[in-house]
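Visitor: Checked Swiss-Prot, it gives:
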DISULFID  Cys85-Cys94  disulfide bond
DISULFID  Cys108-Cys128  disulfide bond
MOTIF     67-71  motif 'Secondary area of contact'
SIGNAL    1-19  signal peptide
SITE      Gly23  site 'Reactive site'
Amino acid sequence: MEWKIVVPLFAVAFTVANAGLIGGPMDANMNDQGTRDALQFAVVEHNKKTNDMFVRQVAKVVNAQKQVVSGMKYIFTVQMGRTPCRKGGVEKVCSVHKDPQMAVPYKCTFEVWSRPWMSDIQMVKNQCES
């Protein structure tokens, strides 16, 4: 008789534990336009803050998540690297140097808060380490 109560309770607990928190961060699809736009915004803002004369680009997306808040918060962990393109240049495509000594790779965490109905997007975290 007790197993009729215990088994369903375990099933519910297992389902809730594997579903993640409602409203918590979840994996973001890099093929989603909103995710790509948020990452591009983060890279542009990051480049505005660097003292380097060369543009930095994403070499690799390590992790991408999104969270429903009052809008959408995107959380990216990325490997960044230097490109041969100078800031203010006219180049449209700037790939990260293949040579690690030229690319000077480093890891960053970016958080972007997007509220499209207000035409508002903000960088809320721009933290990098060598």
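Any Cβ shown, glycine's included, is placed from N, Cα and C.
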Visitor: Long-range neighbours only, meaning 6 or more apart in sequence with Cβ under 8 Å: which ones does Cys108 (disulfide bond) have?
Guide: His46, Phe76, Thr77, Val78, Met80, Asn126, Gln127, Cys128, Glu129
Visitor: Mind telling me which of the disulfide-bonded residues Cys85, Cys94, Cys128 has the densest Cβ neighbourhood, counting other Cβ atoms within 10 Å?
Guide: Cys85
Visitor: Looking only at C-alpha atoms, tell me how far Cys85 (disulfide bond) is from Gly23 (site 'Reactive site'), rounded to the nearest Å.
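Guide: Cys85 (disulfide bond) and Gly23 (site 'Reactive site') have their Cα atoms 39 Å apart.
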Visitor: Can you tell me whether DSSP puts Gly23 (site 'Reactive site') in helix, strand or coil?
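Guide: Its secondary structure by DSSP: coil.
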Visitor: If you count Cβ atoms within 10 Å of the Cβ of Gly23 (site 'Reactive site'), leaving out that atom itself, what do you get?
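Guide: Here the count is 9.
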